[in-house]
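According to Swiss-Prot, the feature ATP binding site maps to 176, 178, 179, 180, an assignment based on sequence analysis. The annotation region 'Domain I, interacts with DnaA modulators' is assigned in Swiss-Prot to 1-77. Annotated region 'Domain II' per Swiss-Prot: 77-130, in sequence order, evidence recorded as sequence analysis. The region 'Domain III, AAA+ region' annotation in Swiss-Prot covers 131-349. As annotated by Swiss-Prot, region 'Domain IV, binds dsDNA' applies to 350-471.
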């Protein structure tokens, strides 16, 4: 058996037969073409062509292992695979560009971009959203390994809005990582390049409130006209809140469908994947998963240093190198925390008339040296948000099951991550005694073993805590 074009066609066919998500494979596997076979007879190298850098990045991150496994099972001998950017078209309305008009910072993988495509025709004159922040652009976003795929996806969507392969674009990650920045950056880029398009940027909570108000006032036709007929680009932040109301979720589902059917671009941001949004209907989840999903996580130390340098220059603050490293090292929770610490140092220095040095900064930010990287209240908030209850309910004495289980899980997580005493944990929950806490910990361990859904809830919460606390 030779590694040739027929062999690669066979591999793609076998992969599709094993995979239920044919939409994913149609989008990402189909465009991969056989280019050549190089290397030695003992270890041939299969060179496969991909259309562009974004495609290359996605395949390497998400499909490479599956491709290797399928080839290994079929070929049965040593081999290598190389994914080479060849510029072949994905489809008739997306072409590659080797000379983008903006050079992205970060990895070289981001430098090949998709060309613009004029594929959205509005029926009315432009009426762009006034809520876009003009300072949040691609040029002011510091790209790191944690965000390069999300950044590249947003940038390519902004250059080519409405493309089937990237609609909707769904960005997810913990709070304060830059998701909102990317939404605004995409909106600003589209507004600059496609001045005839009408852009709507809105939070899911505001969409929900307006929808509920329209239902009460019997003004749904007006509401639908605003979001479906009078807009060409829809940018929605904090999508997880859509699941709070059945009627709102229904309206949101049809709004997103209307946009996609009309080849109008939808970009969504959330703190979790669609499958992890409690209360989200299956059809809504499926619709959100049918486009492109990109995650954004906490930046590593190197990227935090780069972000801090950029912010310091923006705020005209001169920081010694040891100060930059110190602030970046202790600011582990989010980019917002990083910027907040910089502003705190700047303000203290100006008010006291003192030069910024390592000793001063350590004094200003001393609480970071002794403070846990996540607090009791923050864990409570994570659990409350996850189960759609209030922190106040967790601290109450109610024995209702929808409250008791989240309360017990919160106690378990606080014990695991903060190692607080049973007495201290009890005090945090409205003065519960240590026996109650001890029973709660035992109860959660039993639930983890007996209930897969609860085990998954705890796993998700632990991962979110890890994302906040890791360096």
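Glycine is no exception: its Cβ is also placed from the backbone N, Cα and C atoms.
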Note to self: Using a 10 Å cut-off on Cβ-Cβ distances across all protein chains shown, tell me which of the binding-site residues (176, 178) has the largest neighbour count.
What the structure shows: 178
Checklist line | Residues close to ATP site centre defined by 176, 178, 179, 180, Cβ within 8 Å | finding: 173, 175, 177, 181, 182, 269, 296, 335, 336
Margin query: Within the region 'Domain I, interacts with DnaA modulators' (1-77), count helix residues (DSSP H, G, I), strand residues (E, B) and coil residues, in that order.
Written below: 43 helix, 14 strand, 20 coil
Next item on the list: Report the same-chain neighbours of residue 180 (ATP binding site): residues 6+ apart in sequence with Cβ closer than 8 Å to its Cβ, ordered by sequence.
Entry: 136, 237, 269
Notebook entry, point to check: Under a criterion of Cβ-Cβ distance under 8 Å and sequence separation of at least 6, what residues of the same chain contact residue 179 (ATP binding site)?
Noted result: 150, 171, 172, 173, 237, 269, 270, 296
Next item on the list: Could you tell me how many residues in the region 'Domain IV, binds dsDNA' (350-471) are helical, how many are strand and how many are coil under DSSP?
Entry: 91 helix, 0 strand, 31 coil
